[in-house]
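Novice: The structure follows.
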Amino acid sequence: MQMHAPVSLAAEIRGDGQNLVTEDVTVVEGDVATISCRVKNSDDSVIQLLNPNRQTIYFRDFRPLKDSRFQLVNFSNSELRVSLTNVSISDEGRYFCQLYTDPPQEIYTTITVLVPPRNLVIDIEKETAVEGEEIELNCTAMASRPATTIRWFKGNKELTGKSEVERWSDMYTVTSQLLLKVGREDDGVPVICLVDHPAVKDLQTQRYLEVMYKPQVRVSQNYPLQGLTREGEPLELTCTAFGKPQPTDMRWLRVDDEMPQHVVVSGSNLLISNLNKTDNGTYRCEASNAVGKSHADYMLFVYDTTATTEPAVHGFTQLPNSAEELDYGDLSGTSVPPTAPTEALPTEQLSNASLAFRPDSRAGEEGAIQSVDHAVVGGVVAVVVFAMLCLLIILGRYFARHKGTYFTHEAKGADDAADADTAIINAEGGQNNSEEKKEYFI
């Protein structure tokens with residue numbers, strides 16, 4: 001859409017201290033420019049208007065120039081006002097107002113012509129792109145004056161492009177390049193090229209993106225609607241997938257095991273009419289199109305017929321098929337209200353840490369049991385260690401308190417005697433005068 005802005009502006013009033021006054025004019029090509037020569041203090045002097053070639057356009061109210069685009073708007077002793085219709089670039093330049101006084105006075109006004117872009121075109125590298133690809137868009141605004149400024153928008157978000165300006169004579173052609181990496185969320189979103197130019201308002205063009213992407217898969221549990229999956233009861237799952245193009249191949253399989261013979265698969269539905277413990281496992285729905293393959297998993301745990309505890313969550317996951325898909329989604333579990341069927345929700349972001357998280361219907365029971373087991377083991381170990389420390393302390397105190405003492409009665413002078421008899425004779429006081437010696441043991 002293009003609208004010309006009404007541009008006929010007094011950019012600068014010229015007087016220079018003289019008796020004549022005029023102003024510059026800016027006008028869009030094809031519009032009307034008005035030139036005014038005014039006299040401050042009229043003394044009935046003659047006023048005339050000349051073109052850039054100094055040819056007389058009007059002398060008083062007479063038009064010597066044979067150009068019918070110039071028309072007299074107003075003539076009086078104090079003003080000569082002339083309009084110029086269908087202005088073109090060749091009309092740009094200085095126009096002179098003259099007042100025949102003694103000495104004569106002259107002043108000029110400048111007409112500037114603006115030219116809006118002739119055409120605005122978006123060229124796109126690929127009409128149809130695949131998610132994750134980077135595409136190139138070019139927007140060209142041709143033959144404008146002055147050069148235009150091009151802005152890019154994707155929806156309501158402004159983007160940054162790279163512009164180049166080419167000059168042809170007095171005209172400018174501007175080309176702006178935009179590099180855009182597209183995702184599935186960009187499918188059907190308009191890319192807008194908008195022009196900023198003083199001669200035009202709301203000039204823009206747009207192209208709608210068409211992005212192909214691999215399927216998004218969802219598994220929903222139709223029966224039972226709530227509660228546990230018990231032995232002897234039926235289970236019904238439905239797989240839905242959408243992508244661009246629409247998935248053409250959809251199939252059910254059992255991860256790391258063969259599909260039980262009593263499982264009935266009909267198109268996108270999986271039915272087990274009589275659940276038993278051997279049905280435990282992960283059931284996967286795969287869907288593919290021309291872009292790639294995706295899947296969603298359902299983790300089944302069959303409870304006894306007498307089980308009353310509801311599971312915290314049934315296991316639904318949507319996993320990538322290769323490392324390249326790590327950019328497309330994350331693995332998440334969702335708690336399901338009692339009145340609503342559990343679904344495998346499509347995912348948008350995937351992290352390595354979440355790949356290890358595969359919730360199942362036993363999360364409410366086994367998780368709690370494992371927590372209790374760890375707590376009990378930790379408590380027993382702590383008690384044993386404490387008891388051993390106490391025992392070591394008690395033994396240490398016991399041995400410290402019970403030290404032995406005994407006496408030896410050796411005759412004094414025994415060290416200098418040649419034999420035992422001599423030592424006894426030399427002893428002073430015999431055994432009564434023996435010296436006490438002590439030895440200690442622990």
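Backbone N, Cα and C define each Cβ position, glycine as well.
Copying in the features that TrEMBL gives for the protein in this structure:
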type	residues	note
DOMAIN	6-112	domain 'Ig-like'
DOMAIN	117-210	domain 'Ig-like'
DOMAIN	215-289	domain 'Ig-like'
TRANSMEM	375-395	transmembrane segment
Novice: Could you give the residue numbers and ranges of same-chain residues that sit at least 6 residues beyond the transmembrane segment (375-395) on either side and whose C-beta is under 8 angstroms from one of its C-beta atoms?
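Specialist: Long-range Cβ neighbours of the transmembrane segment (375-395): none found.
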Novice: Helix, strand, coil: count each for the residues of the domain 'Ig-like' (117-210), based on DSSP.
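Specialist: Helix (H, G, I), strand (E, B), coil: 3 helix, 64 strand, 27 coil.
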Novice: Average the pLDDT scores across the domain 'Ig-like' (117-210) and report the rounded value.
Specialist: 95
